[in-house]
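**Student:** Here it is, the structure in full.
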Amino acid sequence: MWPNRSAAPFLLTGFPGLEAAHHWISIPFFAVYVSVLLGNGTLLYLIKDDHGLHEPMYYFLAMLAGTDLMVTLTTMPTVMGVLWVNHRDISHGACFLQAYFIHSLSIVESGVLLAMAYDRFIAIRTALRYNSILTNSRVMKVGLGVLIRGFLSLVPPILLLFWFPYCHSHVLSHAFCLHQDVMKLACADITFNRVYPVILVALTFFLDALIIFFSYILILKTVMVIASGEARAKALNTCVSNISCVLVFYVTVIGLTFIHRFGKHAPHVVHITMSYVYFLFPPFMNPIIYSIKTKQIQRSIVCLFSVHKRA
């Protein structure tokens, strides 16, 4: 029988075996975190400041940028704390809340990508009714629905974490808290916490990806019947940014899932690295994708720097 050590804090882990190099590893991590904050912060500022970007497509982009910022601000303090000063202790409450926000925001991001695909679907399939269908109030309702789904769906398993006794090792495998990491340390029946996330992933990530896939098949069918080649290219070009963000997000999700399921013999550092890629790569890439692929965003960036130059 294990002694009850529930009151002991959890211990976060950086890169096992590479502790001496943590200061060097922190440099690229800090650079990526700063890039994510600047990139997504700039997108939010541009969408707020430029009236030409006050359209449903950019409102959904603002939701994506806001979600990416929140994910970054949720993980950054503990990751940099471990890498910079080897601060590994984290209280149970702080750990559970961090896990709650990390997983909730992942579901929110999936929902926002679905909303963005829906926006492109309406814009191309029913172009003449676009403004009457996607009114500002409807965009707000969609955004609110995405947030509610994300933040309510994670409440049951996270609440149970508060009730579990923790009498095994308190060492976590990452520099941030994840539900699947914490539940394995509980000395209790965790059947619900094992089964619930599988069902939740099927009803959110998998279902969202399926709907996005079919929506783009329908978009492609619509575009292909457009007579003008130039009009076809223009219609498809409006979808490229969203498709790129969808691929970046879901490829990292699939990669992380495959590593966890089938990479049991892979070095532990590979598992850890894939987790960081999952949480950092999409927020890092999304502003770059939209800056490169969206002319309106490019024009706003040019205007922003022109104003600062004149000032």
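Glycine residues also receive a Cβ, built from the backbone N, Cα and C atoms like all the rest.
Found this in TrEMBL, in case it helps:
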DOMAIN    39-290  domain 'G-protein coupled receptors family 1 profile'
TRANSMEM  30-47  transmembrane segment
TRANSMEM  59-85  transmembrane segment
TRANSMEM  97-118  transmembrane segment
TRANSMEM  139-164  transmembrane segment
TRANSMEM  198-219  transmembrane segment
TRANSMEM  240-263  transmembrane segment
TRANSMEM  269-290  transmembrane segment
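I'd like to know what surrounds each of these features in this structure.
**Tutor:** Beyond the ends of the transmembrane segment (139-164), by six or more residues, the same chain brings 56, 59-60, 63, 92-93, 96, 99-100, 103-108, 111-112, 114-115, 118, 179, 182-183, 186-188, 190, 192-193, 196-197, 200, 204 to within a C-beta distance below 8 angstroms of the stretch.
Tertiary proximity for the transmembrane segment (240-263) is limited to same-chain residues at least six positions away from its ends with a CB under 8 Å from its CB atoms, namely 64, 109-110, 113, 116-117, 120, 205, 209, 212, 216, 270-271, 274-275, 277-278, 281-282, 285-286, 289-290, 293-294.
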**Student:** Cβ under 8 Å to the transmembrane segment (59-85), counting only same-chain residues 6 or more beyond its ends: which ones?
**Tutor:** 12-14, 22-23, 25-26, 29-30, 33, 36-37, 40-41, 43-44, 47-48, 98, 101-102, 105-106, 108-109, 112-113, 115-116, 119, 136, 139, 142-143, 146, 175-177, 245, 276, 279-280, 282-283, 286-287, 290
**Student:** If you count every Cβ pair below 8 Å, which range out of 30-47, 97-118, 269-290 shares the most with the transmembrane segment (198-219)?
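**Tutor:** Ranking 30-47, 97-118, 269-290 by Cβ pairs under 8 Å to the transmembrane segment (198-219) puts 97-118 first.
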**Student:** Short question: which residues 6 or more past the ends of the transmembrane segment (30-47) have a Cβ under 8 Å from it?
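**Tutor:** The answer is 53-54, 58-59, 61-62, 65-66, 68-69, 72-73, 76, 79-80, 280, 283-284, 286-288, 290-291, 297, 300-301, 304.
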